[in-house]
Every structure is written in C-alpha cells, then in structure tokens.
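Input: a single structure, listed below in structure tokens.
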Amino acid sequence: MVLTNKQKEELNGAILDYFDSSGYKLTSTEFTKETNIELDPKLKGLLEKKWTSVIRLQKKVMDLEAKVSQLEEELNNGGRGPARRGKEDALPRQPEKHVLTGHRNCINAVRFHPLFSVIVSASEDATMRIWDFDSGDFERTLKGHTNAVQDIDFDKSGNLLASCSADLTIKLWDFQSFDCIKTLHGHDHNVSCVRFLPSGDQLVSSSRDKSIKVWETATGYCTKTLTGHEDWVRKVIVSEDGTTLASCSNDQTARVWNLAKGECLLTFREHSHVVECLAYSPANIVEVPGSLLSTPEGKAKAKAGAGGTSFGQAGYLATGSRDKTIKIWELATGRCLQTYIGHDNWVRSIKFHPCGKYLISVGDDKSIRVWDIAQGRCIKTINEAHSHFISCLDFCSHNPHIATGGVDDIIKIWKLG
C-alpha cells in the first residue's frame, strides 16, 4: 500500500516526535536534516497511539476469527445458528458476562437463587459467597464451616440454603437474615452433596462414608440412611416429583432409589471410572433415539413403570464420569441409550437444558460442551472457558444464564443467546 504525501509527512512527524520524546537526540537531529521537518505539537504521542490501536484491532480480529470458526463448527456439526434459535433454546455464548473473584481456593459448587438475581458459590476456602449475577457485584460472605464447603442448595422458596462440608456437617441458613439456624450431624466422613426435596420439608445428603441420608429440615433429625454403594457417594439428586433419588459413586456405578422404601431400584454399571455427576431429564425432553418411548406400546409400558416401579416424569438419567464420557440411561428399562464422547478429561458436572433438547457439560479439559440429544453429539464447544479445571455448573431457572466455577478460584456468568 502506497502512502500519500500527507500520510508520509504525518508518519515522519510522528517518528520524529517519538525519537525526541524517547531521548534519541542525535537520531532526532539527523532525521530532521534528512526529512526537512520540524517537531509538531499536534503529533505528540501519535506513534504510540497508532501502535496500541493496531494491537487492539489485531485482538478484535482474532476474537472475531475464533467466533466465526466456532459458528462454522457448530453449523457443520448439524447445530442451529443463534439467529435460528428462540429464547427458550438459547445456548451459552462468549464472552462471559461476568468474572467473579474473591474466593481463595477452588470453587466446588454454584447455585442460582430460584427467584432473585443472586448466585451463591461454595469453595475449598470454607466459605460461601453471595453475588448479584446481573451486576457482578459481591454482596456478602457466609462463614461457619471449618473445612471445604462441598455443595449448596436452595429450597423452592429460596428462603432456606443448605450447605455441606468436609467438616462432616450440613448447615441450614436463613437466607433473609443470613444466620445459620441448624447444624446437622450424622455422617462419618466428608459430606459431598446436599439436595432439598420439592416439598422443602426434607433434604438428602451423600458422603464419603458410602451412605445417603434423609433429614427433616424442621428438626434436623436423620430419618433414613440408604446404603449399597461400595465407595464414596459423590452426588445425590431428587426427581421432580420427589419419589426417587439418583446417586453416583467412586464405585463406578449410579443407582436409583425409591425414597419412601429406601430400596435400590436400578444400578448402572457401564462406566469404567468414578461417576462424578448425574442429572434427571426434564419432563419436556425430546425423544432419545432407541427409547422405549418411541412407540405407543413403549410409552404405555413406561407410564406403568418397569418392574412395577414408576419413575414419574423423569424418563432418563444422565451420568458423567472420569472415564471422559457421558451416558444417557432409560429409567424404564435400565438401558444405556447414548454415550457422548468428546471431553478430553474428567466430566465434572452436567445439566439438562430447560428446553429439553440439549445437555450441557463441563470438565477438567476446561471446556463447556453442548450436546444435542436427538442427534447424540456435541454441537457447540467453548474451549478454555476457565484457565484451570471446571468443577461445577448451574442453570438459572428464571433468567437466561448459566454459571461455572473452577479450580482457578473464579466463577463465570454466561448469558444464553
């Protein structure tokens, strides 16, 4: 590209100003003689400004190229571009909306408040932090545990927060006064997960002591202990109707339990490593290829319940493992219908998208992945979503956002769109 005379004059003036302001007096004098120009105050600092502008533009170009590449990959994989998606099936997009910093150790759990623009994070630093996820502002710290806080959960009203810890306790917090109102004792080892039942009058917990416990929230009493896993029970979740539980363990299995009877109904054994996480499907999930639900006869059988046991509206269970895979299981038959392969390291957390079409996963490969359930494959990947392993994920039920937490001690808020 050839410069005009005016552009050459401006460039020479900017170079002369740079030599002079940087202390290169001899060079400045010689340059003045050769170009026959004088210092112009209007050109002061121009070369540095142009240089930094080029760097900023280069970064913008690289970001746009990465975005185009990601969209091309998504479309080539059979995904739908953002313009063709409605609000109800919007997917997480880059860049992140907020980066929340303040914890002094790994983030173990993140949980959105069911009503307000608030999110709570739990950390290895033995604290929980409360944030406004719309503004990204830090609000307060909850202290009380004496070891790593492993998990947190809200009841449906959002008035109660439950937390569990490596200090062997579960704590209940009044989320209006932020006071700890009860401490539950009973587990003999690290308490790794806690979940409220839909009614809010009970909660369940899982532990490294290999057990699952059921607690009354009003009294803090343990009313039931479920045993059967042969190693650390990593996670326990509750079905939407509150009749069944699902758990996963270091023993490489996932189990489904009848809550009222305390009986194990199903055991899934096809993972080859620790099962880290699991999720019940929503009632509006799309049809999974090969499912019993693909025929009218199968639907009737599933509704009646396999082996005389009904699983309510949850037709499927998803599990994520350290074997780097995610599996989709049919509850009515106990069959594995799909195995998702794509993560390059442990799968740490999974959530079904509220629209029922997708599963979102995060893992130690630092990526967020979106899986199309009908196609059985990954349609979107956000690589390097964190600078270290991603340990947890949550969906906001009332605002189109997800949150991720990592071993990099930070929480990220991602807008869906």
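Glycine residues also receive a Cβ, built from the backbone N, Cα and C atoms like all the rest.
Note that the structure is predicted; figures quoted are calculated from it, not measured.
Some features that Swiss-Prot has for this protein:
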{"type": "DOMAIN", "residues": "7-39", "note": "domain 'LisH'"}
{"type": "COILED", "residues": "52-80", "note": "coiled coil"}
{"type": "REGION", "residues": "72-93", "note": "region 'Disordered'"}
{"type": "REPEAT", "residues": "102-143", "note": "repeat 'WD 1'"}
{"type": "REPEAT", "residues": "144-185", "note": "repeat 'WD 2'"}
{"type": "REPEAT", "residues": "186-225", "note": "repeat 'WD 3'"}
{"type": "REPEAT", "residues": "228-267", "note": "repeat 'WD 4'"}
{"type": "REPEAT", "residues": "270-339", "note": "repeat 'WD 5'"}
{"type": "REPEAT", "residues": "342-383", "note": "repeat 'WD 6'"}
{"type": "REPEAT", "residues": "385-417", "note": "repeat 'WD 7'"}
Subject >> Winner by Cβ pairs under 8 Å against the repeat 'WD 7' (385-417), considering only 102-143, 186-225, 228-267 >> reply: 102-143
Original post:
Near the repeat 'WD 1' (102-143), which same-chain residues lie under 8 Å Cβ to Cβ, leaving out any that are not at least 6 residues past its ends?
Top reply: 149-154, 156-158, 161, 163, 165, 167, 173, 175, 178, 180, 391-399, 401, 403-407, 409-411, 413
Original post:
Counting only residues 6+ away from its ends, which parts of the chain sit with a Cβ under 8 Å from the repeat 'WD 4' (228-267)?
Top reply: 189-190, 192-193, 195-199, 204-208, 210-212, 214, 273-280, 282-283, 307, 309-314, 317, 319, 321, 329, 331, 334
**OP:** Please give the sequence-distant neighbours of the repeat 'WD 3' (186-225): residues at least 6 beyond its ends with Cβ less than 8 Å from one of its Cβ atoms.
**Re:** 150-157, 160, 162-166, 168-170, 172, 231-238, 240-242, 245, 247, 249, 257, 259, 262
**OP:** Let me know the model's mean pLDDT on the coiled coil (52-80).
**Re:** 67
